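**Student:** Below is the structure I would like to discuss, written out as structure tokens.
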Amino acid sequence: MFIKQVIIEGFKSYKEQVATEEFSNKVNCVVGANGSGKSNFFHAIRFVLSDIYQNLRSEDRHALLHEGAGHQVVSAFVEIVFDNSDNRFPVDKEEIRLRRTVGLKKDDYFLDGKHITKGEVMNLLESAGFSRANPYYVVQQGKIASLTLMKDIERLDLLKEIGGTRVYEERRRESLRIMQETGNKRKQIIEVVHYLDERLRELDEEKEELRKYQQLDKQRKSLEYTIYDKELHDAREKLEQVEVARTKASEESTKMYDRVEKAQDDSKSLDESLKELTKELQTLYKEKETVEAQQTKALKKKTKLELDVKDFQDRITGNIQSKNDALEQLNTVEREMQDSLRELEAIKPLYESQVDKENQTSKRINELEKTLSILYQKQGRATQFSNKAARDKWLRKEIEDLKRVLDSNTVQEQKLQDEILRLNTDLTERDEHIKKHEVEIGELESRISKSHELFNTKKRERDEEQRKRKEKWGEESQLSSEIDKLKTELERAKKNLDHATPGDVRRGLNSIRRICADYRINGVFGPLVELVDCDEKFFTAVEVTAGNSLFNVVVENDDISTKIIRHLNSLKGGRVTFLPLNRIKAPRVNYPKDSDAIPLLKKLKFDSKFEPALGQVFGRTVVCRDLNVATRVAKNDDLDCITMEGDQVSRKGGMTGGFYDHRRSKLRFMNIIMQNTKSINEKEKELEDVRRQLQVIDQQITQLVTEQQRLEADWTLCKLQVEQLKQEIANANKQKHAIHKAIEYKEKLLGDIRTRIDQVRSSMSMKEAEMGTELVDHLTPEEREQLSKLNPEIKDLKEKKFAYQADRIERETRKAELEANIATNLKRRITELQATIASIDDDSLPSSAGTKEQELDDAKLSVNEAAKELKSVCDSIDEKTKQIKKIKDEKAKLKTLEDDCKGTLQDLDKKLEELFSLRNTLLAKQDEYTKKIRGLGPLSSDAFDTYKRKNIKELQKMLHRCSEQLQQFSHVNKKALDQYVNFTEQREELQNRQAELDAGDEKIKELITVLDQRKDESIERTFKGVAHHFRDVFSELVQDGYGNLIIMKKKDLDNDDEDDDDDDGGREAVTEGRVEKYIGVKVKVSFTGQGETQLMKQLSGGQKTVVALALIFAIQRCDPAPFYLFDEIDAALDPQYRTAVGNLIRRLADDYGTQFITTTFRPELVRVADKIYGVFHKNRVSIVNVISKDQALDFIEKDQSHDT
């Protein structure tokens, strides 16, 4: 084993982490300038090996931390890596890392990263060969110097330390201490024995007086016993009488208490009922307010609907009257229309005839006037034109103008014909449009009627659904009220059960529920109280039998219970007892065949899989009719028995009983919890079903209302469309009338155009006929005759035309009046009256009135229902009020009964207190006389009956006389005999103890002798080994020299003349009163091999250092270590000895495989080193690097020249 590597961080001058290269397993040398950190490097290794820096205080730890520039180092560590290939450390690893970390508040060791204690480190190092008795595997600066200055006695102490004689000395000192304590005890024992002997002589003289005293004392005790016994018997008789009276009063008090308790329970029950009734009454009052509000609302709605229906009826009656009036007016207007049409039809032909006559006359007049004009023009052509050609030219021009006029009139004629044709087409289209709209109106009116019918149907369905919803609301309210009531009772029962459950058990059960939920643990069935049920009359028996076992939790197997217990412990969540079904077995019990004793287990209801758990708790218990039966069964059948009242008789003989408060029954609370939980679940399911039905009804109502709104919107739209279509028909009729007017006007214009065309054509034909004729200045006879006839004829025609015109205007005026009356009055009035009649016929008033009447019927039904409901609520209020009054009366009676019972109870309590006080007095008296009898001590057999027949007064007189006689012996030591016996026993015991101490003293003396012998043997053995190795090592270090170690004895001191002046040889060693055999170790050496040997004080400094080194190497050879640390051991050596030391180290490393780590300022150790490390220092921070041998020698040479 050897040190493989050293890692330092934050330790003294080593700030940053420094990890050395692996050390050689032979010779390693460390060089560096003074103050560079070589010694700190050695201190770091010793810091881990714990030979220094063992018990560090805070300031010591702070001194080990690096102090320099930059941030402060708060912790440091040194880690040594050991090569353990030879397994010197008892660890199955080839490499071991031992680290020591130090901080301001810590000092820890780590082995391969795991924390270990300081003691474990020391044991580990000792197991590897590091002896606490031999610390010379580390030689620090100054150790050599101290060895050179050692006195002979100090060298002897060194040998003792190396040889381990300290153990012998410690054991010897402990033995001497024990001997001293034993001597002290022996002295004390001798003094006590001497005192006891004197007291025994005195007590022997007092025994005779004591005998006489004892005879009188025997008589006194006998008298006192008889008096005490009689008094005790009297007290017991009185106590029995008091107990009988107290039992009777207690029974009566119990009855009164039961009556008070029953009255209180009944009162509480009445309070609960009163509370519920008050709550129900408040609910009824609220319901009454709601129903009254509904009734008021229904009455308002009914009144409004009645007014609406009356309004509709009035409007319908008015519409019927209006329709009749309109029909009458329509008939009148239609008759007038027919008359006007007939008159118009009669006038039209006459008018047209007159117009035709007028037109024909006008046409004839125009023709004649034209002829007359032509004749006049022809007659004046000769004067107008100079020749025929000019005339023809003019005629041609006239003909062309007429032709243009003709063309223009022809175009106008064609245009008028086209317009008339278009107007006729428009008229036909308007007729078709009107027919189409009338068909659409019929369809829309049919659709409106169907929508009204469907709307009324949907309304009835909606009203029915609303009625159903109202019923469901009532059910929902009722269920919610019942659930709230059940939950209140459930919470009360849970709270009462919690109060009846021990606190740690309650917390445990709550913790189990959370643990099972959080960690998803299955197989937990719950406490027994939740798994068992029975008839209510067995509740007391079951609870008293089980006790807190009712809260034992049944689980499927013990793995589950183990897991839960682990969680309970970690959470500190209370305590619970588990019953794993895979572990428990129900006991096999033979029950008695007795009708008065029934197995309790048979009266329980539970799941068969829980039978082992319940059998373990209740299997050995039977329910008995009374305590007599229970006592008999428990004794004969070895079973636990219990009565229905909860009185127990154990099979082991014990009896337990008394009052049991049934109001705190755990099973009753659990029964309420289970039943209410079941009822709540059922009610909540019903409530959920009702709410689901309400949701469906709400959806249906919403759907029906939506459908009603759609139908209402549809018929409203249809009405708007009908009105629009009727308006379009009216507009079309107006347009038809306008078109008729336009056609008449266009036809008249067309007739005028055609007349003008004929006139133009006639004029053109006349002018064309005149062309080419001769130009004459006079007319022909025929023309003159014609001219003479034309004027009269024209005049006559004009007169006729005037007559025709006058007649035509008259007829035209009448015709216009008729047409205007028909068009603007009669037709409009007919249309209006028809529209009025149609609106009355098509009016939705009857339908709306029917709807309103239906709504009125519904409103009347709602009013009746509200009245019935209000009456029902009022009846319920009256009933609840009567019940409340009845409960209050019952409460008053119960209060009176309770007060009477409490008064009786107070009297009984007072009587019981008096009896109890008397009982305590008698008990105290009984205890007093019992204690007095016991205080008399053991009595002779005749003492019980000697004075039995005497009365108390005689006994007291006799006792008085006996007491007077005893006063004569008042000076007698009453404990003389006891003291004599006691002192005799104490003397024998002390004498035995003295003998034991004497024997122990001899054994301790033998042990001290053995220890002294073994100590001397150890010193001699160690000295021989060290002396032998010293001679060898000295001869190796000093050529031709020799040296010896001489151990000095007491006899040598007296005969040694050579050392008379030696200051270290004249002290006599004394250890704990014993003169030591050895008093010192001398060193005698010769460096030349010739002449006499020299003592240490006769040597030079270098020679002393050689001797000290030889002694160190000798000690090391006696107790070899795996490696050695030398810190500048060659500092004071002469060069030839430094070479010898280096060669010795080299030889030890090669021959024995020992590792050396040395520091030096000299070249000799560097030359023999296998690996050399340089320590450098910069900015108060040290680092360690491997350097070559030449670099090390150069550094040493420069350092020595610098020192020079």
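Going from the start of the chain as shown, residues are counted 1 onward.
Heads up, the Cβ atoms here are built off N, Cα and C, so glycines get one too.
The ATP binding site annotation in Swiss-Prot covers Gly32, Ala33, Asn34, Gly35, Ser36, Gly37, Lys38, Ser39. If you look up Swiss-Prot, you'll see 190-420, 474-502, 673-744, 803-1009 marked as coiled coil. Here Swiss-Prot flags 522-633 as domain 'SMC hinge'. Under the heading region 'Disordered', Swiss-Prot lists 455-474. The annotation motif 'Nuclear localization signal 2' is assigned in Swiss-Prot to 457-464. Under the heading motif 'Nuclear localization signal 3', Swiss-Prot lists 650-657, citing similarity to another entry as support. Per Swiss-Prot, the feature motif 'Nuclear localization signal 4' maps to 799-806; the stated evidence is similarity to another entry.
In the displayed structure, how are the listed features positioned relative to their neighbours?
**Tutor:** Counted within 10 Å of its Cβ, the other Cβ atoms near Gly35 (ATP binding site) come to 13, all protein chains included.
Long-range Cβ contacts of the region 'Disordered' (455-474) within its own chain (Cβ-Cβ under 8 Å, at least 6 residues beyond either end) map to 690, 693-694, 697-698, 700-701, 704-705, 707-708, 711-712, 715, 847, 850-851, 854-855, 858.
DSSP assignment over the motif 'Nuclear localization signal 2' (457-464) gives 8 helix, 0 strand, 0 coil.
Confidence over the motif 'Nuclear localization signal 3' (650-657), given as mean pLDDT on the 0 to 100 scale, stands at 85.
Through the fold, the motif 'Nuclear localization signal 4' (799-806) approaches residues 354, 357-358, 361-362, 365 of its own chain, all at least 6 residues removed from its boundaries and within a Cβ separation under 8 Å.
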**Student:** If you draw a 10 Å sphere around the Cβ of Ser36 (ATP binding site), how many other Cβ atoms fall inside it, taking every protein chain shown into account?
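**Tutor:** Taking every protein chain into account, the count is 20.
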**Student:** If you draw a 10 Å sphere on the Cβ of Gly32 (ATP binding site), how many other Cβ atoms land inside?
**Tutor:** 24
**Student:** A 10 Å Cβ contact count, applied to the binding-site residues Ala33, Asn34, Gly37, Lys38, Ser39: which residue has the minimum?
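**Tutor:** Across Ala33, Asn34, Gly37, Lys38, Ser39, these binding-site residues, the one with fewest Cβ atoms within 10 Å is Asn34.
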**Student:** Going along the chain, which residues at least six beyond the ends of the motif 'Nuclear localization signal 3' (650-657) come within the CB cut-off of under 8 Å?
**Tutor:** 544, 620, 627, 631, 634, 638-641, 643
**Student:** Give the sequence-ordered set of same-chain residues, not counting Gly32, Ala33, Asn34, Gly35, Ser36, Gly37, Lys38, Ser39, with Cβ within 8 Å of the centre of the Cβ atoms defining the ATP site.
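**Tutor:** Leaving out the recorded residues gives Asn40, Val1175, His1177, Ser1182.
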**Student:** Please report the DSSP secondary structure of Gly32 (ATP binding site), reduced to three states.
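**Tutor:** Assignment for Gly32 (ATP binding site) reads strand.
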**Student:** State the three-class DSSP label for Lys38 (ATP binding site), counting H, G and I as helix, E and B as strand, and everything else as coil.
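**Tutor:** Once the DSSP labels are grouped into three classes, Lys38 (ATP binding site) ends up as helix.
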